[in-house]
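Feature annotations, courtesy of TrEMBL:
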DOMAIN    84-134  domain 'PAC'
DOMAIN    492-544  domain 'PAC'
DOMAIN    562-780  domain 'Histidine kinase'
DOMAIN    803-921  domain 'Response regulatory'
MOD_RES   Asp852  4-aspartylphosphate
DOMAIN    958-1054  domain 'HPt'
MOD_RES   His997  phosphohistidine
Amino acid sequence: MQACDAILAPPANLLSRAFGPFLHYRRSADGQLGMTGDIAILTGYPAERFSGAEALTLDDLMLPVDRKRTDRLIANQLKQDGRYRVQFRIRKADGTEAWIRDTGQQDNHEGASQRVGVWVDITAERQASQQVARLRQQQELTTSLLQALTQGADTHFLVADGDGQILLVNAAWLAYETVKGSGRGTESAWLEHNLYQLIADIDDPALGGQAFAERVQRVQDGAEDQVQLEVRDPLAWDTRWFLVTARRLQGELAGVLISRKDVSALKQAELQVLEQSTFLNSILESSKHLGILALNSEFRVALFNPAAAALFSVPKAEVVGRPFEVLQTRLPLLPPGVAAIETAEESTWEVNGLPHNADAVFENQITRVLAADGSRLGTLFTTRDVTDARLYTRRMEQLNEELESKVRERTRDLEYSRASLETAQCIASVGSWDWDLTTDAVTWSPNVYDIFGLVSEQFLPARDSLYDLIHADDRAEVFAAVIGLSQERPRCELQYRIIRADLRERVVRAIAQLFCAADGTPQRILGTLQDITDQVRLMDALRAAKEAAEQASHAKSTFLANMSHEIRTPMNAIIGMSELLMETKLDRQQAKLLRSVTTAAKSLMTILNDILDVSKLESGKMEIERLPFNPLALAQEVVQLVAVHAQRKGLDLHLRLSDDLPACVRGDPSKLRQVLLNLLGNAVKFTEQGSITLAIHPGQDEWVWHFSVIDTGIGISQDHIGRIFERFSQADQSTTRRFGGTGLGTAISKAMIETLGGSIWVDSEEGVGSNFQFAVTLPPAVGECESREQNKREDGLWTRPLKILLVEDNSLNQELITLRLGQRRHEIIVANNGLEGVEQFQRGGIDLILMDVHMPAMDGLEAMRVIRGLEAEQGGHIPIVVLSASILEEDRARCMAAGADEFAWKPIEFTDLYDKIARFFPSYKAAPRPEESAQPTGIEQLPCTLIDVQAGLALWLDAGVYRKALLRFGQDYSDCVARIQAIVDAGDPVQGVELMHALKGVAGNLGIQRLVTLGDAFEQVFKAGARPAPAQIAELADAMRSFETDLQLLTTAWNDATQAPDARAPAAPPSSDLSAALTALDRLLAALAQSDLDDEATEILREFLEPERFQPLEEALDSFELGQAAALARALKTHLTLTE
């Protein structure tokens, strides 16, 4: 043991010097200790006590409470790796306790088990550790207390320890950081971070900056107890102001508490007060005409603005801050003495005659300034120069006196005017009334009392009394009109009956006007009342006379129409037969007599036509058209028409046109043609030698053209020139006897030109010639004439041959459409009504449907709905084109809503129909087939009054078929007038609509436009549930008679053309050949239905048909286009049937 101690002594000394008290021990199994080192220091016992019989053991030194724990720990650690490290307490010799750290291991020395270890005194270390734990516990307690105090506060709090480490931030601090979007809204962004380093890194205005950080450091070091700073934190949407305070934490825990209070509201209030103060001072300083002086509670001058300095002629620097008594003599406008100022109540007074401005007048005012508690804060004195205001006041008083004088004078004038007005009202039988809506008082003028037959002293006007004076049948209307007045409709005028006091019924006209206040509130109604009984009776008499005149005029028109029909019918026969006789072999005397008959008949026809034109003009039935036309072509046409007569008389006929004449203008070409023919005809008639010139040149106004017909004829004397445009009037009676005529031509021309909006006149010299002139407005129609001509020339688009279902109840329309579409190789299936059309549709194979609207059994609208319903169930969509004579847009809309894809009007414009069909199928342009060319017949020039033969032939393209269609129309509608009359008598407007709709559709396809117009007028009357006027029925009868006359004329011409030896039409084939051809067509159609051919039938048709008709059929058969061939065969059969 001693050897061991000797060996360990040097290191132990070294360790003792390095780490404090230190010893090395060996402990035997019996508990005996062998120690070296700082034994006395560690245990308080000398080394000798640990040896000998009564040596101290470890159990003697160790506190009893630590023995078992220490033994257990050592035993457990030795089992693990043979080493141990434990801490325990010993009781030293002086009775104090010391903490020992025992570090050792198990050792076998000379076969004996013992422990070897080192003791180190760790008492100071344990005491320091406990102190740290105690301080940490105090810190945690303090932190918890601060958190409890600050978390619910609005003020921002931050706590940092003595090293600047942040220990706490409260919720208000973090919430503000979140709002401003700094990214530091969580505790982790602050706790355990160094406050001073954060301030240096982020330079946040809300933390006061580096200067504030230095002052916080001084507080933490104890140099200052507290520092405070006002900081401004500009945000994107606002500016916030904070009062930041740093306080040193007292006690053992060194640190600093930083609080940040939001004083933005207070700062803004301060800024507003400052701004208002600045604004107020600016106003006070800039008041040029108001001198302001303010005294504080010590009667010293606190405010003296520039205006006051100018008024008192005292510099501001010599006044502000000085006592009032010193300045008293320099401020003469103020009351003398402080006592006067102190006791002065609020008052105003004027002063003049100042030394520096003797003529000026000053208005002064003194006011005490009081605090909220009523104590005196000071006195405010103001003064202003009112010299000009006082002069203005005196001037206004003078003007007011003058105005009152003028008002009195004007009142006298108004009283005179009122009396004059009452006199005028009395003369004109007009009274006035006033209804005050605010008081419900009614005032009448004297004349209103006279109108009602009342006396003002005996009758008080009021609403109820006025109600009793109005005729019982008119009361509701009158009061509805008056009560209905409003700011939007402030005026009304009405006529009603009254019952006078003497019970006589009179008629009055009343006018009422509502007057409202500025806010729109009704205030009063002013009105007038006039007795118009005599005027009403006069108007009734005039109306009755007018109706009688109209009836007489209608009777005259009916008579003229009937007379015209009765005369024209035999006269057409006379003219026709005479012309036929003229073509036979006659001797000279017979020919002369026959020419006289013909000339007389034609003259009579001219007279009749003139009389009918006059009748139309008188009745207002002369319709004006606005169509594009070529004026050059019109002029050439009328010149060509009179050229033959002019040449027979040896007259030169000239046409002189302006170079500026447009190629196309808009107007009524037919009326212009008739006027020019009348004037040129008269010129030829009254000119024996010389020339006739038609000249056209521009007028003075825009779009006005000047027409002149100049002749070298007999002329007109100045005495008779004024009557030349009167009806049944010529220059003199000798003219009538010499040249004949009715004298209506120029009158008709004048009426037509005036109807067109133009004027006509004549310049003439007897024996020299005449110049008839007229001017009309013809606006240019650029490009429209070319378009119309092009449309006439175009034959429309072609498509492949189609299978077309035609749903049409009119046989003439069926024939026309079948013929025209068959010429384009389409196969036509005809259905006579909507019911049959639906059945045909259900059989399938249809490419297109042409649908009429008005039909029996089922109309077109219902048929389209049924077809579209079937398609919705089965799929597919067949195009439907509606054919209708209605021109109303609502009818077209109903058709489109029912399922139509297109709409075509009757009469059918086939070019337009071809183009509309081509919308739904591939199309191409092709030259018209030979069969589409109209056959020249010569009948186009016949003088038909109703039938437009040229238009009809252009539509039908076959004179023979067109003739058959006209004859059938004559048969079907010969009793049209009687049927209309029966419908009117039966009161059945539905039948009337159907009849007129069918008539105008067929008439349009035949070129009978007047019947189309009449049919449409009748249809609209029937649709409205009304009855046609007798005049309408008479006009329809006249039109049907004109149709019969034209048809007779055309029939005669057609018969003459077919009987003439030089007729260009080929002779009709024998009936046996025609029958064979029809049989062959039937055989061919039967074979084609079986997808087969019939060569024998084809050869029969080749022999019978013209090459241009047979060639398309042969081409279709050769190319095996059986559907197209069937369509052509059906079209040929229809054509041959009609010509049979």
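Cβ atoms here come from the backbone N, Cα and C positions, even for glycine.
Rounded to a whole number, the distance between the Cα atoms of the residue listed as '4-aspartylphosphate' and the residue listed as 'phosphohistidine' is 11 Å. In the three-state DSSP reading, His997 (phosphohistidine) counts as helix.
Residue counts for the domain 'HPt' (958-1054) under DSSP, helix first, then strand, then coil, are 83 helix, 0 strand, 14 coil.
Residue density at His997 (phosphohistidine): 23 other Cβ atoms are found within 10 A of its Cβ, drawing on all protein chains shown. Annotation for Asp852 (4-aspartylphosphate): same-chain Cβ neighbours under 8 Å, separated by at least 6 residues, are Val807, Glu808, Asp809, Asn810, Asn813, Gly860, Val882, Leu883, Ser884, Gly1001. Note on the domain 'Histidine kinase' (562-780): mean pLDDT across this stretch is 77.
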